[in-house]
Structure formats: C-alpha cells, structure tokens
Amino acid sequence: MQALRLLLLLLAVVAGVSGGSAGEDGGGARTYIVRMDADAKPSAFPTHAHWYESAVLAASGGGDWPEGGPLIHTYSAALHGFSARMSPSAAAALATARGVAAVVPERVRQLATTRSPRFLGMLSSPPSAILADSDFGSDLVIAIIDTGISPTHRSFSDRGLGPVPPKWRGACASGPGFPPSSCNRKLVGARFFSAGYETTSGRMNETAEIRSPLDNDGHGTHTASIAAGRYVFPASTLGYARGVASGMAPKARLAAYKVCWVGGCFDSDILAAFDAAVADGVDVVSLSVGGVVVPYYLDAIAIGAFGAAEAGIVVSASAGNGGPGGLTVTNVAPWMTTVGAGSMDRAFPANVRLGNGQLLDGVSVYGGPVLQSGKMYELVYAGTTNTGATPSAADGYSASMCLDGSLDQAAVRGKIVVCDRGVNSRAAKGDVVHRAGAVGMVLANGAFDGEGLVADCHVLPATAVGAASGEKLRKYIAASTPQKPATGTILFEGTHLGVHPAPMVAAFSARGPNPQSPEILKPDLVAPGLNILAAWPSGVGPAGIPSDGRRTEFNILSGTSMACPHISGLAALLKAAHPAWSPAAIKSALMTTAYVKDNSNGTMIDEQYATASFFATGAGHVNPAKAADPGLVYDISPDDYLGYLCSMYTSQEVSVIARRPINCARRAGHAGNLNYPSLSATFVADGTNQTMKTHFIRTVTNVGGGRSVYRAAIRAPEGSTVTVQPKQLVFRRDGQKLSFTVHVEAAMPTQAKKMEPGSSQVRSGALTWSDGRHAVVSPIVVTLQAPVQ
C-alpha cells in the first residue's frame, strides 16, 4: 500500500499537483469536499479514485494517512469528486491543481399521521384520484436521507406488495440490529454513511450509536412513515390521535440512507447519500435536514440535489424551523421543493385553570397519571427560583428556561412550574422540572413564538401555552403573596377533531424572503407539520430524551421535518400517475393548485393570528386532489437552471454545480425569468424614481387534455400595476407550450409613507389562468426595499 501511495504521489507531481510540506496538518485540519472535472483525469491513473488520492497526497506533501487512505468518500453519480481531511494550506494548494473545480469546507447540519391523509382529502371510498391513478405509489422508490429506519415496524411491512421494482439497483447494508434480512419488498434498500462524521469527531461511541442503518433516534423512522408508511390500525401515541396511520404513498417503496448521528449530519456524508441514491435508482429524495444559506456552489445539499434533479429525481427538503423571523428559510435552491409547516384540524387540549377563575388554552400529549382531580396546586415561575443546584446555574435566566441544574428544589417541590420556551428542548425542560420534584409544568411561549403551540410527550403532567397566556401567568404569580399564593391545575382533554381555523402556519416554520435569490419565492408551499403522528422505534422513548423509559409504536412530533415527507410522498404519487412529468412539472402542479384559505373560509393566518404572507406560506397549502390535474405546468429543464445560475455567478462557480464546464457568456439572462410557478420582484426604493418596473417571461405546458382556452385574472399587489400579455392562451393539443409576459410596475411610497432606511414593504397578489375547469395560480410578491444609510 505504501509503495502504491509513493507511485501516486509521483504521478501527481507529474500531473501538476504540488502542495505543502510532508505530513503537514497545520493544527487546523478539517474535511473538504472537492469537485473534480471527471474528463480531466490523466491517462496515467487507472481510476478516478487513484487520481483523487494522488491529488490529495501531492497537495499535502505525502504524510501519514489512515489505513484506508486519505479519501473519505468518492462521488460519481450526483457529482464528480471526493471528500478528504487536510490542512487549509493543502486545500488551497489542491484548489489550484489541474482538473479541480472547487474545494469547499464541510459544514455540519441539524435535523429540521392518522389525521393528515384525511385532512388532505386522501381517505375516501372509492380512493381519491391521486391514489387510484398512481396505484398508491407502487413501484416508486422514495429515498429518506435521515437518521436511519426501524425495519420491523408495522408501517414498513411488505405484505401484499409486488416484487421489488426491476429498476432498483441499491443494496441493504447490515450491521448491529440490522441483519441482511431487514430489507423487504417495502424497505428495498438501506445504507449508512458515517465516514465524514467520524473523520471529524473521532470513532463513534458504539454504546450510544449504532453502526448500521438502524434508527436509534426516531426522526428517520417518523419521516419515512409519513412519506410512505403502510396502513396500520390501531395507531396512537399514549392514547392520543387514535385511528388508522398511513403515509402519503402507502405502496411506494422506501430506501433509507442514514447520515445523521449524535454530532449532526455532515455534508460529506449527505453528499455520499445523494450519490448513492442517484446510482441506486430512486425516484424521490426526502431530506428533512437544515442548515445555513450559502451560495449554491458552496452548498453541498444544493449541489447533490442538482445532480439528482438532473437525473429526473424529485428532491423535497424542509424549509427549516427558524421561524417566525424573516430570512430564515433554508434549502432554497430552485431545483428543490422547499416545504414549510402548517397545522391540521386536530388538537390535543390541555388547558390551565387558575385559582382566579381564568382558563388558559394549552396543548399536550402527556399520557401518564394526571394531576389530582379538583385540587389546585401552587404555581411558581421558574425565573424566580434561581438558587440553582450549581453556582454556574444560579441565575434567573437559566432558571426561567428550566436549564439543567438551575432550579431550587425546595422552591419547586410539589408545585407546578412555569418555564419559558427556548435554549433547551421542550421535553428536556420537563425532565429538569420533574427531577427537581415539581408535579407539573406549564411551558410558556415568548413573543417570538406568539400563539403557535406544539404538543409534546412530556415525562410529567405538562402543557404548552401561547405568549399572551404566558404573560398572564407570570403576572398572576408575581401578584401572589405567601398568604394568597397563585394556584392552578392542568386539565387534559384528549383528542379534538374539526378544529377551526386550520390550517395555520406553524410558528417555527421558517420564512422568506429567499436570502440567496429573492427572485425565487421560498418556501414553495406548506404541508402538515404540526403535531403529526407517525411511526416510532421501539428502543426510543417518545420524549426523545435518555431518561424516558416509556415505549410507544407511534409518536407525535412537529417540525418542517414532518411537513417535508408529506410532499415527498405526494410527489411519488404524481410521478407514478404522470411518469413523463419532470421534477419541475411535479413541483409546479403542487404549487399552482395550493390554497390559502382555511376551513373557516378565511385567509390562512400565522402564529400571531395575522394574515400569513407568501413568505410564510409560499404558494399556499398543498392540495393533493387538485395537484393530480393541474391543467398547466411551469416546466424547467436542467439547462434552464444553468441560465438562472449564470445570472448570479461566474462560469467557474456554475461549473461546480453543473459537474461540467459552463460558459456563462452564452447564457445571459435574469434570475427572475427562470420559469418558476411564482413571481417575486424586489425594487430599491431610493426616492429617485416615482415608478419601478420589471417583467417576467413564463412558459406553460398544457397537461389538462386537448383543446382549451385559458384566460388571465390578476389580483395586483397594493400600490402596483400588473398586466399580462397575451391575456388569453389558446391550446390546441396536449403537451403544447405557450409563453406570456407579466409586467409589474410599482409606485414609490408617498411622502406620508416614507420608508425608514433599511426597512421594506411587502405586498402580495396573484396571477390565475383558468379554463373554467382548472385554476392555475401563481403568487405575485412585490418588495420595496429602502437602502441602508
């Protein structure tokens, strides 16, 4: 092996790669992802892997490497290149080598239903059109890139399924708790990727983690069953949400790619999963993993997703849980479907009755012994119990958040503790309160989270209340005296259905505008993501904390992580029903048929009970029945994406994403003219122009049958004039494409409404094409941005 490496080093020097001194580590070694021009491989190297290894050896000046060599992963399907650990100086040297397109530091990312199928109109007799036309997703394979999967769960039974699709080329990796027989006709493949994680963090602790595709976290099992879980009855969590559990595409096949570990989800491992998924022959990739927004050519998920989309694979990704603040949305590349989270018409009331007679709305899925009926317990605000178990924890802030070791046991024992939301997990707060000797907990939202409530499987009687109720609680407790203490109790009411209004945008759901490209509205749409019941591993407690010894077959979780696989499953149904549709056409069908009305016939609202903006909802809430027959679609080819990218980046930067040399001089254009199903315009309101203008060119494809005439209807954003030419589209055949232009003219705010420096005004409208049977709706967003002075 050493002789081979010396030969590779010699070949690399001949090939024009040189680098730092021998054995250099620089003390700052880290993992880098290297994108290579596959066609530039010198003929002296028998394989690309040999070339890659020689390049790293030369850039690093040789040195000592692990037994397996310097490469962590090699990539050949979703992109061309490799990942390796090296010093910054070696990475800089490698970046100048022949055939190297980019060297990017690795980033670490974090993880971002008995009712939802019925809420989405998919449980009917006979089956809904989208299920019937797709045979429930049979023969489509959905890749779940996550924490692995629990293969023995009833949601992944292959009973009644046909043979594994012949196109499937994947494997079933085995390991502890995951024998080779774990895969079946439902779970057709499973792999795990930990080399990137272990290169950075050291060898995993196999007493706490499992070196196999087995899920010992729960997140991956949960998301997989949302996308494609089988019908399971009975299903519930600790007695809540009883019913039939089902994924969106119950007969679709699953392939699990485990990339997330205790230390996070590492880019090099995520890219390896994308690469394997493309090579394995999946149809949809579901990715409930978030991260920071960076330019696409530096974004491993964007690069991997582009390779997948180019191969005809639909990629759906979670928008992130950083809401409700603006500019928090992640996974914003236009070739991905970015999914925000909404509520359903189901709730789990657990209200707080105070000694003064007030009743505060709360939610919980606590399933243990409840508080004594008729008894009122003393209430205490955690922020005033700041003696702390340790000196470092003895501060009011730590106590208010119920951080570990922050509570004075004598002050909380036998009482109900009010904790503020934030910092540590909601379930962890309950554990802290429980260990301190309290009998219950009320978790109060802050102003940032507003009235958005998330139900949790707490380890003690506990509930969550909104910001307004939290403030009432704190004031009630502050006004109490030893002679007249504040008292209350928690009333658990089980499961309520038919709740109004619904859907609402979840408080945590990340918001736009798109930090990378404001011309592309993100998120794309919202789906159920609040209090979602789905499959759960038998070895993990429902609270998701080590001290929870309870076990349940299903669990209720919230997050855009839960919303994303709803869209992944629906995308599989659409792809099965319309095999000729591209990933962009499937996204278009989902977006242009989405709705923004709730079940009270009002416009969707957010966590503050205010009208939700398109930066929160995207095109709106997914409508599966309509998506199956959208009438028109906005299609986008991989080449179109390259033109869009060339409007933002250099040829070299675009080549990193495209996996081949790109000349942007021949691809002049404007980012807003990407054939996207939404329209977003941003103007700089600097006071020099009374009116600001732009236009969008769009092309729609008729997928609604033969001859049809569509007419345009415009709801212009306030203060803007919007026109469309032509106003009528006449289609003579199925598959025909016609183009139109949308002109947007925005007026400068009047002196009375002069904008403050750095502020913005956002106005929304819509363009609807209708033939009397279909309504094809595109959001219009106009943003006036005042310069920062």
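Any Cβ shown, glycine's included, is placed from N, Cα and C.
Keep in mind that this is a model prediction, so the values were computed, not measured.
TrEMBL lists Asp146 (among others) with the feature active site, charge relay system. For Asp146 (active site, charge relay system), applying a Cβ distance below 8 Å and a minimum sequence separation of six or more within one chain yields Leu111, Asp215, His219, Gly220, Thr223, Ala224, Ala256, Tyr257, Lys258, Val259, Cys260, Ser286, Leu287, Ser288, Val289. In this structure, Asp146 (active site, charge relay system) is part of a beta strand by DSSP.
Following the DSSP three-state reduction, the secondary structure of His219 (active site, charge relay system) is helix. The annotation active site, charge relay system is assigned in TrEMBL to His219 (among others).
Non-local neighbourhood of Ser561 (active site, charge relay system): Leu111, Ala112, His219, His222, Thr223, Ser288, Ser318, Asn321, Gly529, each in the same chain, at least six residues away, with C-beta under 8 Å from its C-beta. The feature active site, charge relay system is assigned by TrEMBL to Ser561 (among others).
Secondary structure counts, DSSP: the domain 'Inhibitor I9' (31-111) has 24 helix, 26 strand, 31 coil. Per TrEMBL, the feature domain 'Inhibitor I9' maps to 31-111.
Residues or ranges marked as domain 'Peptidase S8/S53' by TrEMBL: 137-607.
Summarised as a single figure, the pLDDT of the domain 'PA' (377-473) averages 88. The domain 'PA' annotation in TrEMBL covers 377-473.
Helix first, then strand, then coil: DSSP counts for the domain 'Subtilisin-like protease fibronectin type-III' (673-782) stand at 4 helix, 66 strand, 40 coil. Annotation comment: TrEMBL describes 673-782 as domain 'Subtilisin-like protease fibronectin type-III'.
Taken from TrEMBL, the feature signal peptide covers 1-19.
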Cβ neighbour count (10 Å, all chains) around His219 (active site, charge relay system) is 25
For the domain 'PA' (377-473), jot down how many residues DSSP puts in helix, in strand and in coil. 32 helix, 19 strand, 46 coil
